[in-house]
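Visitor: After the structure tokens below, expect a handful of questions from me.
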Amino acid sequence: MSDRILCKFFVHGSCLKGEICEYSHDSKNPVNNVCTFYQKGICLYGSRCRYHHVTTTPASNLPPSPPLTSDSESESTNLQQQDNNDIEKSSNVYCIHPREYPICSFAAAGDCPRGNHCPHMHGDLCTTCGKKCLHPFRPEEREEHTKECEKKQKHIEALKQSQDIECSVCLDRILSKPTPGERKFGLLTECDHPFCIQCIRNWRSSAPVSGMDVNSTLRACPICRKLSYFVVPSVVWYSSPDEKKEIIDIYKAKLRSIDCKHFNFGNGNCPFGASCFYKHAYSDGHLEEVVLRHLGSQEGETVIADNLRLSEFLGGLQIF
Amino acid sequence: MQQSRARLFKEYKEVQREKVADPDIQLVCDDTNIFKWTALIKGPSETPYEGGVFQLAFAVPEPYPLQPPQVRFLTKIFHPNVHFKTGEICLDILKNAWSPAWTLQSVCRAIIALMAHPEPDSPLNCDSGNLLRSGDVRGFNSMASMYTRLAAMPKKG
């Protein structure tokens, strides 16, 4: 490894890595004195720069590491590759693949004051967000941005359409409520009538009046009286059944990742059992396995048996 | 408290805007108390109440719209589902079938509909209910229109 480059920290007498440094600690080795900024296009120090302003890398020296892969691991792999290719590449002019160049961040944010005279590469125009932020040589990044951008656009569009929707309980526009916590829709699973999450939850949890059938009043939609078993909070209103399904699925998935406080890692008893939306996992991480016990009732129908606990019998006992 | 007040205020504005739209209902809010309302409704046509104007008193509870308003007739009316003395109304949506999507305006409409379609099987006014249940529609109609003339029409002269 005689052709390693000299560690620049070692030259100044202060390399913290000591023996394990990937650069050479032998002062006979050449120093890499090429300015990487100049090679990439512009060096702010200009003629005052203490590094050499050359566009080609000296044959015996290593190319500057690409800007995006600066961690030591990739540097050392670069180093080995370079070792192998050294002989055939020694006279070649080193140039970085264009995909390694970063794009102008001003243009990507919307507008570059230098316009065509900018020394940096300007990205291609994204038609969705109208910014020059698509890297011309990184197809996967472009695709990701386009996807993300379209999703964002859709969300903004949905938000715009949701602005005028009123809650039938408080008669307010839901997205014009005073506090951010109130600016949420409560979706009913079985019908498409809009309410604020606060209003519909208040109504569903209000105390039933005597003679009231809970299923046809409190748990039903206040407008069409269709029975829904749960309410889904959402910041936007949907415009198609697919969007509604997506909102509900995301909500359910989120709840499934939260541990059920009734189940309490197997120490408690969840009244919702197998239909609980929350996670039923034991403290060692394995999930509860639900085995439903089916019983034939007297009428010949099949019913699902509840789990019985000894404490339920003992609790009812009266000891004299 | 704040919620019910905000909602009643919205309804008040809606009533002002809709005044022309529904000439059968005139909802008026008490000047000093937004929880007290009165309404004047016209008796539906082709019923013994036709031509009469009936006054309703609304008392809105604090948890409104989670609880229904208390409504009673101030004008005397001969109807199976209205108490003859107190004016109390037997209507499911004012009791156990209430829904917060109802408004004072829509309650008035429901009461007009109840006047046109009495439910003699759950009567508050037994005499009136019995007339209808025994099939004496003519007797019921003449009693009801007599009380409409007596109580719900402007006195002549």
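Glycine too: its Cβ is placed from the backbone N, Cα and C atoms.
Keep in mind that what you see is a predicted model, and the values were worked out from it rather than measured.
Per TrEMBL, the feature zinc finger maps to A:1-28, A:29-56, A:98-125, A:254-283. Feature annotation from TrEMBL assigns domain 'C3H1-type' to A:1-28, A:29-56, A:98-125, A:254-283. Taken from TrEMBL, the feature region 'Disordered' covers A:57-84. According to TrEMBL, the compositional bias 'Polar residues' annotation covers A:68-84. As annotated by TrEMBL, domain 'RING-type' applies to A:167-225.
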Visitor: Take the domain 'C3H1-type' (A:98-125) and count its residues per DSSP category (helix H/G/I, strand E/B, coil), listing them in that order.
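Guide: Summed over the domain 'C3H1-type' (A:98-125), the classes give 11 helix, 4 strand, 13 coil.
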Visitor: Which numbers of helix, strand and coil residues does DSSP report for the zinc finger (A:29-56)?
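Guide: Helix (H, G, I), strand (E, B), coil: 8 helix, 3 strand, 17 coil.
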Visitor: According to DSSP, how is the domain 'C3H1-type' (A:1-28) divided among helix, strand and coil residues?
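Guide: Taking each residue of the domain 'C3H1-type' (A:1-28) in turn, the totals are 7 helix, 2 strand, 19 coil.
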Visitor: Do you know the DSSP helix, strand and coil residue counts for the domain 'RING-type' (A:167-225)?
Guide: 15 helix, 7 strand, 37 coil
Visitor: DSSP on the zinc finger (A:254-283): how many residues come out helix, how many strand, how many coil?
Guide: 9 helix, 3 strand, 18 coil
